[in-house]
Structure formats: C-alpha cells, structure tokens
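**Student:** Handing you a structure now.
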Amino acid sequence: MPHPFDLSLYLVTDRRLTAERGLLETVEEAVAGGVTLVQLRDPEAKGRALAEEARALIGLLRPKGIPLIINDRVDVAAAVGAEGVHLGQDDLDPAAARAILGPDAIIGLSVGSLEELSASNLGPVDYVGCGPINATGTKGDAGGAIGIEGFAFLRSHIALPMVGIGGLKAEDAEAVMQAGANGIAVVSALCAAPDVTEAARTLKTIIETSRR
C-alpha cells in the first residue's frame with residue numbers, strides 16, 4: 001500500500017527557473033500556498049548532487065506530510081528514502097521500480113497517447129501524469145500538445161488517478177479538472193511566479209472550486 005498522496009496541486013521543480021530564489025525557498029513558498037505533492041526534476045544534476053537536493057527537500061516536506069517524488073531516478077529515490085518516483089516512457093519499467101522501492105512507494109507514469117497507454121504496464125502504477133496538455137518549454141522531450149480533448153479521451157481509458165501536466169496556468173485549471181483530472185501539475189506557473197505563495201493559492205482555489 002503506497003504512502004497516502006494528494007494530486008490536487010502538484011509542483012514539478014525546475015532549477016533553471018528557481019535559480020534566483022533558490023529551490024528550497026521556492027518549494028517552501030509553494031507549500032505555504034497549498035501545494036500537495038512535489039516532484040524533484042533536475043535532469044542536469046549528477047547522482048550525488050540530486051541526492052543532496054532530495055534530502056534537503058525531504059527535510060522540508062516530510063514534517064508537513066507532503067511526499068517527495070523523484071523524477072526518473074529510481075536509484076536516488078531508493079538511496080534517500082523518498083516517498084516515490086515518476087517514470088517516463090523510456091525509463092525503468094514500473095514493475096522493476098516497484099521491486100526496488102517496495103510496496104509503500106508512490107509510482108507515477110507519464111502517458112501522452114493511446115499508443116503509450118497500450119504499451120504501458122499500469123499494474124504497479126499508482127497515478128498517471130497525462131500530457132502535455134499545452135505546449136511546454138520546460139521539458140524538451142515532452143512531445144506534442146494533446147489539448148483538453150486529448151486529456152479527456154485518455155481519462156476515459158484510464159481508471160487510475162490522473163494529473164494533467166504541460167504548460168498549465170491558472171486559466172487552464174478549471175477545464176482540466178472538469179475533464180476528469182484528480183489534480184494539476186505545474187512547473188513554470190509556480191517556479192517562475194513573482195509571488196509563489198499567491199500563485200499557488202490561486203491555483204488551489206480554482207482546483208477545489210472545480211471539484212464541486
């Protein structure tokens with residue numbers, strides 16, 4: 001049984017966007033505004049540096065009951081005791097990640113098309129990240145935008161909890177939630193916001209209102 005998790009407002013970090021403010025400060029301000037889950041995504045960091053970032057984030061997040069998900073790096077997630085890992089289509093198979101991390105780990109998987117869904121082993125997966133809904137500049141290999149319609153189509157084929165991702169801003173949140181999302185994953189909408197806490201509060205309010 002995985003750690004409890006809430007996909008409502010899911011922050012995916014980008015060190016390029018948090019350089020001026022700092023990673024820890026950005027995440028702390030985002031959590032103050034209502035972020036419910038944090039993914040550490042830093043593809044440029046080597047293993048040791050990534051582990052140091054992860055340990056610092058765990059120290060910040062765990063006392064607040066917010067899980068830390070590591071992007072791609074199952075080895076780092078295991079080494080630092082992070083709550084979970086998020087895998088892309090070209091990463092380690094979810095079953096292998098589950099075998100390494102154990103039954104309590106949260107395992108997420110990116111899916112952007114019906115073809116990817118058909119090729120995916122969802123058995124060990126706890127949630128699906130679906131997108132990119134909009135064009136995005138924060139992930140070069142994200143693929144073409146699928147739009148709200150594409151998200152809704154995949155939602156109709158996936159029973160697992162789903163989070164929408166990809167170039168999402170506050171004005172997109174209501175439509176994504178109404179298309180069946182369990183939450184919204186954002187990068188620049190928070191990491192590049194002048195006031196991270198206020199931006200998170202705005203998103204969280206829209207998400208909660210859209211559920212009613």
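Residue 1 is the first one shown; counting continues down the chain.
Keep in mind that glycine also has a Cβ here, set from the backbone N, Cα and C atoms.
Per Swiss-Prot, the features are:
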BINDING   Q39, L40, R41, N71, S110, K139  4-amino-2-methyl-5-(diphosphooxymethyl)pyrimidine binding site
BINDING   D72, D91  Mg(2+) binding site
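So where do these features actually land, and what's packed around them?
**Tutor:** Look at S110 (4-amino-2-methyl-5-(diphosphooxymethyl)pyrimidine binding site): DSSP puts it in a strand. Same-chain residues at least 6 positions away in sequence with a Cβ under 8 Å from that of S110 (4-amino-2-methyl-5-(diphosphooxymethyl)pyrimidine binding site) are, in sequence order, H86, L87, G88, Q89, E116, V128, G129, C130, G131, I165.
Taking a C-beta cut-off of under 8 Å and a sequence gap of six or more, D72 (Mg(2+) binding site) has these contacts in its own chain: R41, P43, V85, H86, L87, G88, D91.
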**Student:** Tally every other Cβ atom lying within 10 Å of the Cβ atom of D91 (Mg(2+) binding site).
**Tutor:** 17
**Student:** Non-local Cβ contacts of L40 (4-amino-2-methyl-5-(diphosphooxymethyl)pyrimidine binding site) (under 8 Å, 6 or more apart, same chain)?
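**Tutor:** Expected: T13, L50, E53, A54, L57, L68, I69, I70, N71, A82.
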**Student:** Restricting to the chain of Q39 (4-amino-2-methyl-5-(diphosphooxymethyl)pyrimidine binding site) and a gap of 6 or more, list residues whose Cβ falls under 8 Å of its Cβ, or answer none.
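**Tutor:** When sequence neighbours closer than 6 are ignored, Q39 (4-amino-2-methyl-5-(diphosphooxymethyl)pyrimidine binding site) has Y10, L11, V12, T13, L68, I69, I70, N71, H86, G108, A185 within Cβ distance under 8 Å.
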**Student:** Return the count of C-beta atoms lying within 10 angstroms of the C-beta of R41 (4-amino-2-methyl-5-(diphosphooxymethyl)pyrimidine binding site), excluding that atom itself.
**Tutor:** 21
